[in-house]
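Working notes, beginning with the structure itself.
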């Protein structure tokens, strides 16, 4: 629900009200309804745009939610120029003097103004978001609607006020519109009955619009003006009955309406609520009407109680003060009831919007509360983690502090030990001073000896270099001898292989010779046989004759014998030839045997010579190696002696290194 705040409005016109700009006033519940243009300015076009953000005002006067100020639905009414206050008014186009104000209305106006100012000084009332239920126990503060901003009334099936009243009746306020209900009919009647009953009621507001302020109509004024009777061409006005009695009417065809009084402000009227403004204006105007009627006395006539009469009623007697006051109070009561009904209707109309806004605001507060709660929880967790981290750091720093204290104590102990040791070393240094001088003299002597030994060492190194060069030359000679030995050994192996081949050939020749001997024996035996046969056949041969037919018939034996004699001659020639070859082979074998034996003897001599040379080289190498080892041992011994002397001079002892000697034994190839 929206929080209602009212602003004070003085009854008397302020001197600066005509020049100072009017600040925008916060609208009431009914002023939130869009679509009602201001009568003071041009009617805005009807459009359904997105509603502006609603804002709420708490009792402390602070705006919550970060919403900006809402733009007013209607532009502010410019200040009206001050109208000179006159002491006369026009009622039914007749000049009337100013009627005396009603004492009861002035007292009530003053009391309501004081109550209104006291209410403005206090905190604004609280509205709960429940339909039709207002908060109780609010220190007895009445909840009243704020002044509505100038808007045009919505058409509700009845013609508007300017259609009845003409161009001069456009400035009627809510309180002046309520006079129509006061003099035209009861407020509780429906719109249909009021329109039908007021169809024949002529209205003539001649001097009314000129004396009215050019302010704005409140909600109750709009509702009152919407219930005006329609214009009728008939001359009679129906009389309506009210609970309090008859309402007077002035004239036979026109309603008498009083003019403005001296105390009415001429600027724009911003009342606290439609109810209070209409009550005050109705009371004051009622008193003035009563004064005007009593003053004139000739134009006032009561309405007829019969609604069906069309003829003008006779002029009534002048009404009394009590009747007028009773009518005024009844009009006030009807205005209050109408305003209360209007407020209830407006609250019912805006209930959904206000409840939705309140729920949205409540959800926004819940979201803010959840966000704040989460932020608080996160901050608490961060603070807890930071506290734990700080505690851990404090614990680590305490441990480091204890460790540093232990290290400091240990360093102090080490410092004391080092100080004691330094004192001991200083004492020993003072004691060893004379001995150091003696040691210096000995070192000088030893340095001279060392220089001599170094000179001897250089000489021995030169000899060693010479011996090394000789050793290198011997090694080169040894390599050459070994190469020659390898060559001679190769040659010997070749000769041995050749000798073996010759021996094999000799054996083969001997075997062949033996075979030839056996063949020769066989041939000898055959030759003996052939000799014997030849001896038997040495008879002189018969010279061949002419072909004897008897030779053709020679036997086979003769043919064999004659062939054997030819074969024996050929065999003898072959045997002789073989004998010559055998002798020649024997001579060649003997020559080869002699050459083989000579080569074997030469190879044996060369072998013995190489072996002797190799043994001599090996012996020389062994002697050189031994001499080198001996020289190395001497050099090492000298260096050890020098080092021992130096260490002895410095007062240190060192173990002598163990020297391992190798044994070299000669081997026979």
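All residue numbers here begin at 1 and follow the chain in the order shown.
Cβ coordinates come from backbone N, Cα and C, glycine included.
Annotated features, as they stand in Swiss-Prot:
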COMPBIAS  1-25  compositional bias 'Low complexity'
COMPBIAS  172-181  compositional bias 'Polar residues'
COMPBIAS  187-199  compositional bias 'Low complexity'
COMPBIAS  215-233  compositional bias 'Polar residues'
COMPBIAS  241-251  compositional bias 'Low complexity'
COMPBIAS  267-283  compositional bias 'Low complexity'
COMPBIAS  284-295  compositional bias 'Gly residues'
COMPBIAS  298-308  compositional bias 'Polar residues'
COMPBIAS  311-320  compositional bias 'Pro residues'
MOD_RES   249  phosphoserine
MOD_RES   296  phosphoserine
MOD_RES   570  phosphoserine
REGION    1-56  region 'Disordered'
REGION    92-131  region 'Disordered'
REGION    150-201  region 'Disordered'
REGION    215-323  region 'Disordered'
REGION    447-669  region 'Sufficient for interaction with CTNNB1'
MOTIF     631-640  motif 'Nuclear export signal'
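For the motif 'Nuclear export signal' (631-640), the model gives a mean pLDDT of 88.
When Cβ atoms from all protein chains are considered, those within 10 Å of residue 570 (phosphoserine) total 9, not counting its own. In the motif 'Nuclear export signal' (631-640), helix, strand and coil residues by DSSP number 10 helix, 0 strand, 0 coil. According to DSSP, residue 570 (phosphoserine) sits within a helical segment.
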